[in-house]
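Novice: So TrEMBL lists the following for this protein:
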- 12-34: transmembrane segment (TRANSMEM)
- 54-75: transmembrane segment (TRANSMEM)
- 82-105: transmembrane segment (TRANSMEM)
- Cys145-Cys167: disulfide bond (DISULFID)
- 200-227: transmembrane segment (TRANSMEM)
Amino acid sequence: MPSMGVSCVRYLVFFFNFLFAITGLVVVVTGAIIQSSYHHYSNFLGESFWTAPIVLIVIGSVIFVVACFGCCGAAKESPCMIITFSVFLGLVFLAEIGIGVAGYYKHEELSGILEKGFNETLDNYKTNLAAQEAWNLVQSEMKCCGVNGPEDWQPIFKNDTVPKSCCHELPIGVSKCTRKYADPEGCFPKLSAFLGSKSLLMAGIGIGLAAVQLVAVLLACCLYGSFRRQYETV
């Protein structure tokens, strides 16, 4: 019959694995939302910026599977399954630390990447359909105009005209979108703040889960040792 200490650790492992199963699903959903909802801003950021959300989806799926494996190991009192669970959880722990660091790093370099992307697509606006679609999308969604303001469009149109996506509330009888009626806020500060919050969210999720899973790895190792001593005694 297992001792009170072994039973306590086993129940703790069950509890933490239940949390992992839930957090695994949360990580998958979070990564999917970030990837699917904001991927269309990749024209300003490049594809590499969105690697972390994809990794989050993979990590969340792995967490869910590993959590089920840990529950089975604790239920069957199998030292082999527990140590395998610990190894997998340790690897997930390292991956989540990487996600946290990557999220923070992306946040630090975001402004430079975004400013470069805005300037390049602005210069190619007249000749590049993808650039036009990207600008119309970001200006419509963010309710902004130009990189830092409507005046950024002057070199492109050579007059006071700006894209229609800059004007969100034209007066009655006015059909032409000009700097006078354009949103005065630039897209760079708005999108930078918006995406910056997403990269910090990824960093927070990675570091937070890693901290919880470190405790679970230690508990699983204690449970493994308890099972081994129990079987050696028998």
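Backbone N, Cα and C define each Cβ position, glycine as well.
Here the structure is a predicted model, which means the values were calculated and not measured.
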Novice: Going along the chain, which residues six or more apart from Cys167 (disulfide bond) have their CB under 8 A from its CB?
Specialist: Cys177, Tyr181, Ala182, Asp183
Novice: Once the chains shown are all counted, how many other Cβ atoms turn up within 10 Å of the Cβ of Cys145 (disulfide bond)?
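Specialist: Neighbour count, Cβ to Cβ under the 10 Å cut-off: 28.
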